[in-house]
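J.: According to Swiss-Prot:
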BINDING   GLY80, ASN111  anthranilate 1 binding site
BINDING   GLY80, 83-84, THR88, 90-93, 108-116, SER120  5-phospho-alpha-D-ribose 1-diphosphate binding site
BINDING   SER92, GLU225  Mg(2+) 1 binding site
BINDING   ARG166  anthranilate 2 binding site
BINDING   ASP224, GLU225  Mg(2+) 2 binding site
Amino acid sequence: MIQQAIAKLLEGEDLTRAEAALVMTEIADGGATPAQSGAFLAALRMKGETVDEIAGAADVMRQRADRVRVDRDVFIDTCGTGGDGRHTFNISTTAAFVAAGAGVCVAKHGNRAVSSRSGSADVLAALGVNVDADKETVERCIEEVGIGFLFAVRLHPAFKAIAGVRRELGVRTIFNLLGPLANPAGARHQVLGVYEARWVPVLGGVLAALGAAHAFVVHGEGLDEIAVTGMTHVCEVRDGQVERYTIRPEDLGLPRRDAAELVGGDAVANARIVTDVLEGQAGGPRDAVLANAAAALVCAGAAKDLRDGVARAARSIDSGAAREKLRQLVAATTVPA
């Protein structure tokens, strides 16, 4: 199938959702050579990935994931694409603890850094979380603590082989979009930041096709986050309905911040910023976390709108609840000596 798909893409033709799924299955099963996989990814990138193509690929990634069981009707993910090149601290990871502190169950999907200096796995490890915890421990964390980290590299074994091809290509491919769409626990409520504004409506359409219950796809001022530095493009998906709009920090009751306030460093430096935010330190990093945690609370049904979400997120931090969730996750994943 992959040879036919490559030929079709080179003619500028789109693949159906089923065709994209067949090719991804072939790649996952080891039926495609590295040259074929690379040609497919490059041809698809050159043509431009469609909603159906991304949805078909995501179908297979979800099916092949090592499934994490979550015994909750509503739980969220705050995994974004990364790759925005702005080197901010780990905003969505911090927002996950704030959401958990506000009573929302979180199955946080993530990975180590690819283009940044600190991915979610890197900063969590620097904070003392054992990101390599086995699946049973992760499930227990989600159930007992209310938050767990789903390490992508451990839970998507079928796609380890493609990592080398992606590295050798050295350009963004469909895989840069697939991570947030393939939560191994099957989260249907999520905040998904994308690295370019053009992907906001596309991934909104993909999430609708994949059956998202309530999700936000966002890109703000060059960030794969809701921005407190200017305008954010939003695609809100709710039970198959898609709504597009823009928001500004003032709409959330937050001041406009300078982008320089949000710049992080390596995992250790970012862990310090995360800790400062969770300990209640005021400033740009806190406001960025409040904005993104607010969206997480809205999609989980724990806040009526984004302004209400900001207020609830602030209480999660100021009460110490968010910081306590981090402490509990560290304790729950620590291997006894």
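The backbone N, Cα and C atoms fix where each Cβ goes, and this holds for glycine too.
Note that this is a predicted model, so its numbers are computed, not measured.
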J.: Which state, by DSSP, holds SER92 (5-phospho-alpha-D-ribose 1-diphosphate binding site): helix, strand or coil?
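T.: Its secondary structure by DSSP: helix.
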J.: To the nearest Å, how far is the Cα of ARG166 (anthranilate 2 binding site) from the Cα of HIS109 (5-phospho-alpha-D-ribose 1-diphosphate binding site)?
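T.: Checking the Cα atoms of ARG166 (anthranilate 2 binding site) and HIS109 (5-phospho-alpha-D-ribose 1-diphosphate binding site) gives a distance of 20 Å.
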J.: Once the DSSP letters are reduced so that anything not helix or strand counts as coil, what is HIS109 (5-phospho-alpha-D-ribose 1-diphosphate binding site)?
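T.: DSSP call for HIS109 (5-phospho-alpha-D-ribose 1-diphosphate binding site): strand.
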J.: Which one of these binding-site residues, ASP224, GLU225, has the sparsest Cβ neighbourhood, judged by other Cβ atoms within 10 angstroms?
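T.: Least crowded of the binding-site residues ASP224, GLU225, by Cβ count within 10 Å, is ASP224.
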J.: Anything within 10 Å of HIS109 (5-phospho-alpha-D-ribose 1-diphosphate binding site)? Look among the binding-site residues GLY80, ASP224, GLU225, comparing CA atoms, and list what you find.
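T.: The binding-site residues close to HIS109 (5-phospho-alpha-D-ribose 1-diphosphate binding site) (Cα within 10 Å), listed in sequence order, are GLY80.
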J.: So, in DSSP terms, is ARG166 (anthranilate 2 binding site) helix, strand, or coil?
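T.: DSSP assigns ARG166 (anthranilate 2 binding site) to helix.
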J.: Do you know offhand how many angstrom separate GLY80 (anthranilate 1 binding site) and ARG112 (5-phospho-alpha-D-ribose 1-diphosphate binding site) by C-alpha?
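T.: Spelling it out, the Cα of GLY80 (anthranilate 1 binding site) and the Cα of ARG112 (5-phospho-alpha-D-ribose 1-diphosphate binding site) are 13 Å apart.
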J.: Among the binding-site residues listed here (THR88, SER92, ASN111), identify the one with the smallest other-Cβ count within 10 Å.
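T.: Result for the binding-site residues THR88, SER92, ASN111: minimum number of other Cβ atoms within 10 Å at ASN111.
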J.: Would you mind pulling the DSSP three-state label for GLU225 (Mg(2+) 1 binding site)?
T.: coil
J.: How big is the gap, in Å, between the Cα of ASP224 (Mg(2+) 2 binding site) and that of SER92 (5-phospho-alpha-D-ribose 1-diphosphate binding site), rounded to a whole number?
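T.: Checking the Cα atoms of ASP224 (Mg(2+) 2 binding site) and SER92 (5-phospho-alpha-D-ribose 1-diphosphate binding site) gives a distance of 9 Å.
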J.: How many neighbouring Cβ atoms, not counting its own, are there within 10 Å of the Cβ of ARG166 (anthranilate 2 binding site)?
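T.: The answer is 19 other Cβ atoms.
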